[in-house]
């Protein structure tokens with residue numbers, strides 16, 4: 001094992017990486033709440049990789065996210081989902097306090113791409129197509145990603161796209177009480193479907209489809225469509241564009257409190273997407289309209305979206321693989337998460353790495 005200190009662009013502190021001597025650590029490429037990502041070279045093969053160092057053991061929530069991430073990224077084997085090439089095995093359980101995931105190195109992410117350049121219509125088509133292609137695999141496995149946003153779509157120079165960060169993912173099949181969902185739901189609200197904010201007893205695959213709609217809108221215009229400052233502002237921005245829900249959609253909202261809240265708001269007329277996106281093609285706007293349907297029941301599915309004429313240049317039903325449904329016990333730890341101590345979660349992570 002070698003301890004390497006990659007150069008830190010902020011210069012504020014040293015970051016130590018306890019990884020195998022097979023890896024030559026290069027630069028810090030990203031930093032999050034409980035992890036750092038460095039680029040590295042795998043010396044035996046010369047392959048460039050990303051090494052994600054995670055220190056999750058201070059918080060149960062970070063442990064849960066790490067466990068979900070490891071289990072799901074190992075489960076999926078898909079061109080548009082980031083893969084784990086290896087996980088650094090710790091020396092022993094006693095000294096185990098960091099997790100190192102070795103992954104494919106991607107050059108940038110959608111958030112940076114949108115901020116630094118105008119994306120062509122062809123780029124938008126290809127990126128949304130790849131996102132939906134990944135989502136088809138997830139949804140066929142009965143997995144909801146729940147945190148799709150531009151920074152979780154990794155890109156390289158060939159315009160290959162890979163979805164990452166499965167820390168909030170959940171089984172779509174488990175409809176046990178989801179009230180714990182919001183406590184852990186620290187995801188960016190800008191890409192959150194309206195039904196998540198209006199009631200959190202049930203959520204479906206349609207929440208991911210809404211996020212794809214928000215991402216497409218942002219790629220087309222270069223700025224977020226619904227940049228809410230808080231819960232109320234978020235809903236207001238959505239209704240400012242989509243208009244007050246129809247009676248049918250209004251009664252589709254399960255929660256009485258949520259219905260009363262909507263009723264208390266002033267009536268809004270729908271703003272035509274053509275007004276918001278004057279330079280965008282009719283086909284792109286038609287898909288956007290279907291992705292951003294207020295009522296999740298009326299929202300387009302991933303399979304339907306892949307067949308939409310806007311994506312026709314890329315759609316190939318023979319090359320859009322599904323994944324087998326995840327077994328019932330796959331998310332067992334999530335069912336018992338409120339009763340698991342940090343030590344028990346650490347043991348589960350250790351077992352997952354060592355398997």
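Every residue, even glycine, has its Cβ placed from backbone N, Cα and C.
Swiss-Prot lists 29, 30, 31, 32, 33, 34, 35, 36, 37 as binding ATP, and of 48, 52, 71 the one it places in that same site is 52. Residue 147 (active site, proton acceptor) sits 15 Å from residue 33 (ATP binding site), taking the Cα positions as reference.
The Cβ of residue 33 (ATP binding site) lies under 8 Å from the Cβ of 62, each on the same chain and at least six residues away in sequence. In this structure, of the recorded positions 31, 147, the smallest number of CB atoms within 10 A of the CB marks 31.
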